[in-house]
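Trainee: Quick one: the structure is below, questions incoming.
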Amino acid sequence: MAGAERGEEAALEQGLLAPEEPNQLIYTGDGSVDFSGNPVVKETTGRWKACPFILGNECCERLAYYGISTNLVTYLTKKLHDGNASAASNVTTWQGTCYLTPLIGAILADAYWGRYWTIATFSTIYFIGMAILTLSASVPVLMPPSCEGSFCPPASPFQYTVFFLGLYLIALGTGGIKPCVSSFGADQFDDTDPAERIQKGSFFNWFYFSINIGALISSSFLVWVQDNLGWGLGFGIPTVFMGLAIISFFSGTSIYRFQKPGGSPITRVCQVVVASLRKWNVHVPEDSSLLYELPDGVSAIEGSRQLEHTDELTCLDKAATITDVDVKTADFSNPWRICTVTQVEELKILLRMFPIWATTIVFSAVYAQMSTMFVEQGMVLDPSLGSFKVPPASLSTFDTLSVILCVPIYDYILVPLARRFTGNERGFTELQRMGIGLVISVITMSVAAILEIKRLAIAREQHLVDQNVPVPLSIFWQIPQYFLVGLSEVFTFIGALEFFYDQSPDAMRSLCSALQLLTTAFGNYLSTFILTMVAYFTTRGGNPGWIPDNLNQGHLDYFFWLLAALSFLNLVIYVVCAGKYKSKKAA
């Protein structure tokens, strides 16, 4: 928080902040309202005074989520007796669903409920899912039988059903929280106030910082509890924290700023497409001022400001072209026939963002390895720290520590330093920040592959290839790859949060946040697809494949090199797309 204030002071010194207009001193200028729907006074609402409740909610909710996801592959292999490839696929499929369901929550928030009530409703569903999952690991009849020697009986269909019911209720609950919390937090800062706009840039850093505080507790303390004190307690503690997340969120209601829902963004997009097709033979005027728009800067979309016309994708401008028929009938109220420039520009913005969105999918596939193949790699490394055995999943602590360490360094040191060279009030543009993270992701997978090459060499030297046992190589050699994942997150994930919020139309911010989360879903599904294809093609002819149950017989290093190559190709495509991107402009 102090970093935000210092950032504001530095910006003032450099003349980045313009003096406030008199009307800005009392009320916000972005159309935000209080809980009762009245205009909000700037001094008594929003800004950093409202953020602790939102950041506390996110910290507790992420502690609950990572308390399940971080060690889930271990539960599936050790308790439900899944194979390595099957367990990894189940985890990535579930994680993918957790980042697919935000589309549901985003549409409800932008169109009907608003972000506040969407978060409240889906948090309840989330809590119910957590409770069911805890019961599935605590009640004897719901728990799978233990192994008898080398024989491990699979869980019954009923046990699988209860477990996955809880798991996928959590995925549904996540869908209403994830696309709304970051946007709701950013809503506490007035876009029309230059000082608050800079503070909002810092908010995204501290939002991600709070996520990783929750993740740190999960990947260290909760993983140890699950491995040593039992999974009932290990799932029960996150359930309690999810309850605390709900309490924290409601506690700040009186000082929150709210944005009114603007109607269905999907409907508005369809209206532009239909209106454009209906006027396919209409000539678009060269003078954009002749296109249809409401006068006096008023937007036809609730909770939205007017957008400036752009010269790209001019075929869509047909939807805002006024024809003789429109003039004769004097009917401009049918958006399926004629749309405002702002409505057309909403769709243009989505289409311009699409290439950037698509190039973050591979990065999410790399990130997914931290809770799947990195953990399975750790299972065949030496976990000893004196007499203490380090749970493989707890190594993700170093990813979290990396983020916790790098966010303040980025906010306090790197941004002021970069600002001197770039002149950008945030140091780097969102696209530059994301690109740096993509470079680091290529390095990350290369480091993981090199470690696996070393591990397999030791397995051959020690004649352990035919034994499914850890090799005498410390698990702490995984620290560099976990640290690099965290560093790449600070650049790519936080940069993407900023990009999809700032560049989105006012009335589509939850939807665009959901689209950003959707890349994580597709990244997990891509990881599942790659794992499935690798298993299919590398096990033909009776071969053990790259990722067999006994990794000492496999070639996990090939899998990591494959992801490194895909990441590099993706980086090249991203650089081209980012170079062509044109930012949103308000009218």
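Using the three backbone atoms N, Cα and C, a Cβ is placed for every residue, glycine included.
Heads up, TrEMBL stuff is auto-annotated, nobody curated it.
Feature table excerpt (TrEMBL):
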- 116-138: transmembrane segment (TRANSMEM)
- 158-177: transmembrane segment (TRANSMEM)
- 206-225: transmembrane segment (TRANSMEM)
- 231-250: transmembrane segment (TRANSMEM)
- 354-375: transmembrane segment (TRANSMEM)
- 395-415: transmembrane segment (TRANSMEM)
- 436-459: transmembrane segment (TRANSMEM)
- 479-501: transmembrane segment (TRANSMEM)
- 513-538: transmembrane segment (TRANSMEM)
- 558-577: transmembrane segment (TRANSMEM)
Trainee: May I ask which of the stretches 158-177, 231-250, 354-375, 436-459, 479-501 has the most CB pairs under 8 A with the transmembrane segment (116-138)?
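Mentor: The stretch I would name here is 158-177.
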Trainee: Same chain only, please: residues at least 6 beyond the ends of the transmembrane segment (158-177) with a C-beta under 8 Å from a C-beta of the stretch. Say none if there are none.
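Mentor: Distant Cβ neighbours of the transmembrane segment (158-177) are 61, 65, 68, 80, 94, 97-105, 108-109, 118-119, 121-137, 142-144.
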Trainee: Restricting to CB pairs under 8 Å, which listed stretch, 206-225, 231-250, 354-375, 436-459, 558-577, is in contact most with the transmembrane segment (479-501)?
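Mentor: So the stretch in question is 436-459.
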Trainee: Can you name the far-off residues of the same chain, 6+ from the ends of the transmembrane segment (231-250), with a Cβ under 8 Å from a Cβ of it?
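Mentor: Hits for the transmembrane segment (231-250): 53-54, 56-61, 63-65, 67-68, 71, 75, 79, 119-120, 123-124, 126-127, 130-131, 133-134, 137-138, 214, 218, 222-223, 225.
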Trainee: Quick test of the contact rule: Cβ under 8 Å, at least six residues beyond the ends. What residues does that give for the transmembrane segment (436-459)?
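Mentor: For the transmembrane segment (436-459), the list is 359, 362-363, 366-367, 369, 374, 377, 380-381, 428, 465, 471-473, 477-478, 480-481, 484-485, 487-493, 495, 552, 555-558, 560-561, 563-564, 567-568, 570-571, 574.
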